[in-house]
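Undergrad: Got a structure for you, questions after.
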Amino acid sequence: MGCRRVPGPVLALLLLLCPPPSPACPAACRCAPGEADCSERGLREVPWSLSTNTSSLWLGYNFITVLGPRSFPALPGLRLLSLAHNRLELIHGRALLGLGALQELDLSHNHLTVLTPETFLPLTSLATLNLGSNRLGELEPGVPGALPQLRALLLQDNPWVCSCGILPLWRWLSHNREKVREKSLLLCRVPEQLNKYPIMAFGDESFRQCQETSLSSQHYIIFFIIGPFSFIASIFFCTFMGSLIVFYHSLRRESHCWRRP
């Protein structure tokens, strides 16, 4: 049987009556052109059936605790991602792969205690990072250092431990003051005598003891060499002194023998 061609006007009419399918939208979300609002939906993971045209994704006020490897589908146009007010405790080093166009990331009001620079390496376009209201006691300066386009960093309301371990972060903050928002809210929590003391109020003299007691690699090499050497020397010394004592007692015993009638 031959194929019948559909007349042009009829084909146009069919296309008008049957428009192309709209981009996917997860059942738990409310979608608009370029935006997916999945807030307050009781979600425990990131929805996967998101449109590739999504530029703004709202996932706040859910129950997401972990972002594992490749937690997000391919979203090449995503510019804004909000995960605020979840229960995030862990972000895998490969969780944010494929989000190279992201410009704003909100991770505030979560339970994060540790972050690694590897996690943020894919975010080459990120300009704003909000880490406020988490459980961060320290932060590697490599985390903001992994973001070449970073212009705004928020770190307020975290239980910062103001010991020698915070020195690298303090140095980064001091050299990047223009990037740090809400500087007055960066307060120490530990130790108790520095509770609520502003981190940015520290000066070089505050960390003088840390700098003086820090050891270079040369110091460790010297200790590694001297340690075994001193141990071996002490063994030889003890052996030598013991031999002298034994020899001395032997001489005394022989002298007593010669003096007998």
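Just so it is clear, glycine is given a Cβ too, placed from its N, Cα and C backbone atoms.
Remember, TrEMBL labels are computer predictions, not curated facts.
From a predicted model like this one, the values you see are computed outputs, not experimental measurements.
Found this in TrEMBL, in case it helps:
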type	residues	note
SIGNAL	1-24	signal peptide
DOMAIN	24-56	domain 'LRRNT'
DOMAIN	158-211	domain 'LRRCT'
TRANSMEM	220-251	transmembrane segment
Undergrad: What residues elsewhere in the chain lie close to the domain 'LRRNT' (24-56), defined as a C-beta under 8 angstroms and at least 6 residues from its ends?
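TA: Same-chain contacts beyond the ends: 62-65, 67, 71-80, 82.
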Undergrad: Average pLDDT across the domain 'LRRCT' (158-211)?
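TA: Averaging the confidence scores along the domain 'LRRCT' (158-211) gives 93.
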Undergrad: How does the domain 'LRRNT' (24-56) divide up by DSSP, counting helix, then strand, then coil residues?
TA: 0 helix, 7 strand, 26 coil
